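Undergrad: There's a structure below that I have some questions on.
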């Protein structure tokens with residue numbers, strides 16, 4: 001949708017153009033009208049416009065000055081000058097600027113429509129020009145690094161499913177790794193920086209570490225991708241693609257050799273980090289290659305090893321999971337409740353994402369019921385219960401929820417006869433909370449739209465206050481969101497509702513024989529009787545006078 005601003009000090013011209021362009025259906029326009037440059041400035045200072053259709057000669061600031069001001073704020077705006085003058089100086093000044101059109105008022109509405117259409121097409125074409133494409137590609141390249149980081153961090157934290165790691169996605173994000181091949185996980189933890197650093201300095205330092213490691217791995221023909229999750233550095237490592245074309249046995253041997261090669265040279269990488277970046281980094285390397293679907297779980301297990309100390313002064317630890325025996329690994333695994341995805345569960349509850357919420361809750365309750373030790377099971381239960389308890393307090397739902405479940409059981413795992421019963425209790429409570437949230441959201445939406453409708457009824461006489469921008473500001477919404485919300489609640493467009501409200505009010509007023517047609521038009525936002533008549537006839541098929549005669553007879 002494009003925003004068009006019409007400015008002319010002659011109301012009959014402004015209103016006429018507004019009416020005509022509103023009826024054009026071949027392109028979507030959000031149209032605003034002003035009767036002076038000063039009035040237009042207020043709008044220009046509040047929102048972006050794509051096209052300005054303005055008279056040149058106006059009191060105070062003329063159209064050329066207005067266009068210059070608008071261009072300073074919105075350089076890509078198209079300008080269409082509309083004038084009844086053939087003065088060469090005006091034309092000369094106008095054509096000195098790019099994306100400017102000049103038409104005479106005597107050329108008629110068809111010429112105006114064609115010019116607006118050309119301005120829209122020119123705007124769209126610019127987005128496909130070589131310069132624009134080059135700019136977009138440049139910006140895209142700058143964002144790829146951030147997008148790669150975000151994607152893999154989300155997979156590691158299980159915010160998105162590993163199945164989204166497809167070859168197509170890897171190609172789109174320029175990820176050199178193979179989505180269908182196993183990967184080796186190497187973690188580094190930055191334990192000490194040369195001095196306290198602010199956010200920007202830390203970012204530069206981490207990217208310096210990334211560059212150093214990339215250069216180092218290139219020497220061994222290793223494909224690697226670093227994901228930064230401060231203070232953890234996460235390297236995802238594979239052999240070069242050409243080597244992976246060999247047989248499965250050869251691939252397995254290659255992966256083993258690669259792991260041994262890395263393990264044998266990590267001390268050199270540590271020294272390089274210390275020498276070149278003054279950073280002390282500890283490493284944990286996995287004992288085997290893993291599938292991408294194992295990435296989140298394996299990351300959590302390896303992260304925990306940074307807390308598995310060997311000696312009191314190992315500031316630069318290099319550890320492999322091979323160094324931790326099976327019994328110790330099992331013990332560490334049992335004690336990590338972090339894999340319960342509590343953060344995602346809380347986010348899903350607050351965001352009203354029912355499918356994600358119940359999927360996560362089901363996974364957590366499965367671990368709860370299968371937990372070997374009672375104290376581990378109780379920790380899992382209370383972790384979920386506290387999320388619910390916090391949500392209930394935040395939204396003041398205690399009285400409402402107490403009518404649906406026995407609330408006193410929430411923070412007492414022992415109040416349930418079995419783990420199965422406790423899991424069912426939390427499931428039921430979650431269902432009630434999401435249902436109450438959905439109902440509250442719908443009620444708030446209906447209330448907002450009801451207030452908006454009442455506002456429209458009270459301001460039918462003032463077109464400026466019924467513009468989408470003004471309504472959005474009045475009700476503290478983004479304009480696009482307000483438009484969508486209105487359609488969602490009422491099943492009709494906001495603009496159609498305003499038109500219908502004007503027609504209905506006009507019909508009511510026309511039933512009063514003592515009220516002039518001009519006054520009726522003003523009451524529904526039309527300063528010109530001619531424009532009101534045109535509007536009314538277009539919607540009802542008869543003029544206001546004919547309608548009055550019909551109902552009064």
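Placement of Cβ uses the backbone N, Cα and C atoms for every residue, glycine included.
Bear in mind that TrEMBL entries carry predicted annotations, made automatically and left uncurated.
Take a look at what TrEMBL says about it:
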- 3-120: domain 'Response regulatory' (DOMAIN)
- 55: 4-aspartylphosphate (MOD_RES)
- 450-550: domain 'HTH araC/xylS-type' (DOMAIN)
Undergrad: Pull the DSSP breakdown for the domain 'HTH araC/xylS-type' (450-550) and write it out as helix, strand, coil residue counts.
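TA: In the domain 'HTH araC/xylS-type' (450-550), the DSSP-based counts are 75 helix, 0 strand, 26 coil.
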Undergrad: Give me the non-local Cβ neighbours of the residue listed as '4-aspartylphosphate': same chain, 6+ apart in sequence, Cβ-Cβ under 8 Å, ordered along the sequence.
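TA: Within the chain, the residue listed as '4-aspartylphosphate' has Cβ neighbours under 8 Å at 7, 8, 9, 10, 13, 63, 81, 82, 83.
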Undergrad: Summarise the domain 'Response regulatory' (3-120) by DSSP state, stating how many residues are helix, strand and coil.
TA: 54 helix, 27 strand, 37 coil
